[in-house]
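Here's what Swiss-Prot has on this protein:
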- 9-31: transmembrane segment (TRANSMEM)
- 57-74: transmembrane segment (TRANSMEM)
- 95-117: transmembrane segment (TRANSMEM)
- 148-170: transmembrane segment (TRANSMEM)
- 186-208: transmembrane segment (TRANSMEM)
- 223-245: transmembrane segment (TRANSMEM)
- 258-280: transmembrane segment (TRANSMEM)
- 295-317: transmembrane segment (TRANSMEM)
- 322-341: transmembrane segment (TRANSMEM)
- 345-363: transmembrane segment (TRANSMEM)
- 376-398: transmembrane segment (TRANSMEM)
């Protein structure tokens, strides 16, 4: 009835569905626990002892304590809470399952404690390791690389609430051939991503879009404006690229994770006092609050962008377990709103979307993911042609430039 190619794809369908659903459930459970813990640490606990949650004492104390606790987990847990996200790429080969409890605990405490990183890197690591460990027993004919691809696709679908991001990302890595077309290779990852996104949507829907005025029609001057905005965002991101490996090396000369993360948490607390509560946490909810605020001006947006960028570098350099994509989106949104406030003739839809495109491109060096994030934050079909054009000079600027990553150090 079915062609052998179709039967091969169908055989991978069941593992892909299972992995997609499981990847989403791991994400949902982790985010729910972190959210409950965050409410306790930042609302109930300070209220019960009569301290404002946004007081300098509470912000500095909470982030310093968060750093110390995460440092203790990394030092004493089996596997040292997994790989350092500042060194490893977002998608990598499976780690030992023994490292996963410590990694999950470090992630939850970091998210709840206000660290300026997202969940994407640790969740990706956890899901890939679980898929490889359990999948190889249930379906031994499927290789570790295939489990890695399915788990990462399912996680991407769950994180962003849509399989589109996974389709875009894997379309450039799973290239077809004369024997196996690209869509044959994409079939199982796309099914895993669809299962992950649908499972996530049953519980909550990631809300990325901002209330920004509709962009009506593309003009030549808008292309130039968008390219300039993207270049400014890339320049800001390259400052972080220069700082991260140097700061990472400096901090890790201390050798002791408790001391490193305690110092990192203290610095994050100082930055949190300067930037306020909006610069804490992973950045998605805070981005919505920033966009809906009627009181922030150009100077406030600039402060938020600079502080959040500094917090991202400090958190990554210290070794906190978290990802850099969600904070980069916040930074891009703040930078875009600041540029629009300075030059109101340039539509906010252009400044925000192009700034996000530039920042995410620096962080991920993935053109499809950068376009996707810019398009979902400012969901306007009239912007898509402009963003595709602006991507070209942005990609040229970053060609051959170093990545936002630290170097490995000898123990």
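One is the number of the first residue shown, and numbering goes on along the chain from there.
Glycine is treated like the rest: Cβ placed from N, Cα and C.
Here the transmembrane segment (9-31) sits apart from the transmembrane segment (376-398); fewer than 3 CB pairs are under 8 Å, leaving out pairs fewer than 6 apart in sequence. Take the transmembrane segment (345-363) and the stretches 95-117, 148-170, 223-245, 376-398: counting Cβ pairs under 8 Å, 223-245 has the most.
Under the criterion of 3 or more C-beta pairs below 8 Å, with sequence separation of 6 or more, the transmembrane segment (295-317) and the transmembrane segment (258-280) qualify as touching. Long-range neighbours of the transmembrane segment (186-208) within the same chain, counting only residues 6 or more positions beyond its ends whose Cβ lies under 8 Å from a Cβ of the stretch, are 9, 12-13, 15-17, 19-21, 23-25, 27-28, 146, 149-163, 165-167, 170-171, 174, 284, 288, 329, 373, 376-377.
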